[in-house]
Amino acid sequence: MGGSLSCRRPLSVSPQSYPTLQLHVFGLAGSGKHSIVRFLKYGVPVLDAKRDDVEVDMQWITHRKVRMLLWVSEHTAQKEVANATDVARALVCVVDGSDPDKLAAARDYLFTQLQETTGTPNLLILLNKCDKHSFVFLEEAHDALNLDQIRDRHVRIYACSAATGEGIREALDWLCSKFHLQNGIYVSRKGEQNSYQPHIFADTM
């Protein structure tokens, strides 16, 4: 799928002739963010793929005819992802929903990222691993992550599974709906409160 880019090498994103929506994808180690990116890249769950096929600074995908550039990082490599917080139009935080004990750490990490990205008004939370028996209730995760305290952004939390693909495309649909094209650039829409999508979680209770 093309050459790899080292996350230790400075990157630059040249102006694109085609409109591009840039997203910063992050999460704690083990949250499943790379597996989710694989699903978006290949169109099917690819959990047995080599890690280095997506474990690079950025990945190009197309979702519903929207061209996207995903900047992928985790807390141990955050500062090595050049320009991620400067160019991203939205944040995608991947959280391991199968381990309630990790929610507090995920919350703290999320709020640290929010402090560094004041110019990105759209935040998508992907509560991953809804195929696991230990998966938490969506409402429980919503409260544990203190999402009601985030008042300066559009926030939505979706249950999803990188193992099955459930919920991932629906979540991206919502994120795309928060933007419109203006002079060839994706601009954020305004006017939606924070919320969660319980219907995606219903089949996993």
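Note that Cβ sites are derived from N, Cα and C of the backbone, with glycine treated the same way.
Per TrEMBL, the features are:
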type	residues	note
BINDING	N128, K129, C130, D131	GTP binding site
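Under a cutoff of 8 A between CB atoms, and with a sequence separation of 6+ in the same chain, the neighbours of N128 (GTP binding site) are S31, G32, K33, S35, I36, V94, V95, D96, G97, S98, C160, S161, A162.
Look at D131 (GTP binding site): DSSP puts it in coil. Taking the Cβ of C130 (GTP binding site) as centre and 10 Å as the limit, one finds 25 other Cβ atoms among all the protein chains shown.
All chains included, 15 other C-beta atoms sit within 10 angstroms of the C-beta of D131 (GTP binding site).
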